[in-house]
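Note sheet for the following structure.
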Amino acid sequence: MKALGARSAFYVGFLVGTCSLYLLLRQAGFTRDSGSREPGTHDKTLLEMLEEENKNWKKERSALFNLNHPHHTGEDGALADSLYKRVRILCWVMTGPDNLEKKARHVKATWSRHCNIVVFISSVDNPDFPTVGLNTKEGRDQLYWKTIRAFHYVMEKHSDEADWFLKADDDTYVIVDNLRWILARHSPEDPVYFGRRFKPYVKQGYMSGGAGYVLSKEALRRFVEGFRTKVCTHTTSVEDLAMGQCMEKIGVKAGDSRDTMQRETFHPFVPESHLTGTFPKTFWYWNYCYYPIVQGPQCCSDLAVSFHYVDASHMYLLEYYTYHLRAFGYKYRYQPPEPNVKAPEKVETRVLEQKDKVEAQEEENQSPELNDKL
């Protein structure tokens with residue numbers, strides 16, 4: 001018994017001593033770390049970052065409305081801010097329940113903050129994220145059906161709140177400010193859409209689904225009307241090709257999204273594939289691109305708009321390269337023409353006039369009820 005008691009006392013003492021040493025070292029380490037940092041330089045907690053991020057969004061009708069155009073304090077973003085107000089872009093992102101944490105949340109935290117409105121389209125509703133559920137199945141064979149339903153949804157819910165309507169996947173990275181520069185030269189009242197232009201099967205070409213594509217307000221209206229009149233139908237699961245065939249039938253032009261030096265802005269692969277990769281001559285890509293393919297540094301515009309197959313970590317890398325990294329002492333080598341923002345400005349005036357007419361009509365419709373009450 002004495003041996004057992006002595007052994008128990010030893011273990012208890014060892015445990016108490018170990019715990020005391022751990023607490024002492026932990027406190028010493030905390031003090032040392034705290035002392036080595038300047039006041040106010042502590043890293044933000046995850047909770048603080050999330051709270052700061054949420055301040056930029058207003059959640060309404062299962063959509064996220066940006067409350068301001070994000071850019072760095074002290075940075076001259078006057079032109080970007082002006083375009084943000086005049087060239088209003090709704091971005092809807094194709095995702096699914098299994099991809100919200102793996103992919104969609106990284107889109108939400110990076111490039112989508114530069115859209116005016118963001119809608120995440122899924123097969124089921126998720127009010128917390130939020131996503132709009134279209135009661136569709138998941139899978140590649142459902143892509144065009146989800147696309148049809150999504151454009152109908154944004155037409156019904158948000159047609160007066162944006163001028164352009166961008167479709168992107170949850171593994172597509174988009175530089176929305178560069179997209180505004182392209183769109184500012186065009187009126188949203190013109191039937192046109194832009195993206196990475198492919199050429200087979202459609203006379204005027206069609207836009208790559210993975211690189212994303214953007215419809216003008218008039219193109220969106222015609223697309224929805226095309227299904228009502230059965231000019232367009234859901235006959236294939238190949239989303240981008242079917243979209244292009246429908247666009248041609250309803251008189252929506254496939255626009256040229258290249259910059260003034262004829263360099264591509266929408267890209268169906270990650271940057272390194274275009275910059276350093278060599279596509280085999282047997283690769284389908286050579287036969288699909290509407291314009292000649294250029295590999296290497298001239299592959300991509302300095303004002304590139306999108307890249308596809310971008311994983312979560314590369315979302316943040318591209319965000320850093322685009323909005324943070326600068327080489328000291330250099331001016332931009334590419335001086336693009338100033339965007340013409342007059343056309344969207346006129347459209348905004350027409351939209352306001354239309355809203356006034358609608359409000360006046362609503363007042364007339366309500367007046368008999370008011371008279372009855374009086």
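The count begins at 1 with the first shown residue.
For all residues, glycine too, the Cβ spot is worked out from N, Cα and C.
Lifted from Swiss-Prot, the feature list:
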- CYS91-CYS115: disulfide bond (DISULFID)
- CYS232-CYS246: disulfide bond (DISULFID)
- CYS299-CYS300: disulfide bond (DISULFID)
- 355-374: region 'Disordered' (REGION)
- 1-8: topological domain 'Cytoplasmic' (TOPO_DOM)
- 26-374: topological domain 'Lumenal' (TOPO_DOM)
- 9-25: transmembrane segment (TRANSMEM)
**Message:** Among all protein chains shown, how many Cβ atoms are found within 10 Å of the Cβ of CYS115 (disulfide bond), not counting that one?
**Reply:** 25
**Prompt:** So which one is it: of the disulfide-bonded residues CYS91, CYS300, which has the fewest other Cβ atoms within 10 Å?
**Reply:** CYS300
**Complete:** Taking only the CA atoms, the spacing between CYS299 (disulfide bond) and CYS115 (disulfide bond), expressed in whole angstrom, is 26
**Fill in**
One of the disulfide-bonded residues CYS91, CYS115, CYS300 has its Cα closest to the Cα of CYS246 (disulfide bond), namely CYS91
**Asked** Under DSSP, is CYS299 (disulfide bond) helix, strand or coil?
**Response** helix
**Prompt:** If you skip the near sequence neighbours and keep only those at least six away, which residues in the chain come within under 8 angstroms of CYS232 (disulfide bond), Cβ to Cβ?
**Reply:** PHE223, GLY226, GLN245, CYS246, LYS249, ILE250
**Asked** When you tally the Cβ atoms that lie within 10 Å of each candidate's Cβ, which of the disulfide-bonded residues (CYS246, CYS299) has the highest tally?
**Response** CYS246
**Prompt:** Between CYS91 (disulfide bond) and CYS300 (disulfide bond), what is the CA-CA distance rounded to a whole number of Å?
**Reply:** 22
**Fill in**
For CYS115 (disulfide bond), the three-state DSSP class is coil
**CYS232 (disulfide bond) - helix vs strand vs coil (DSSP)** = coil
**Asked** Averaged over the topological domain 'Cytoplasmic' (1-8), what pLDDT does the prediction give?
**Response** 49
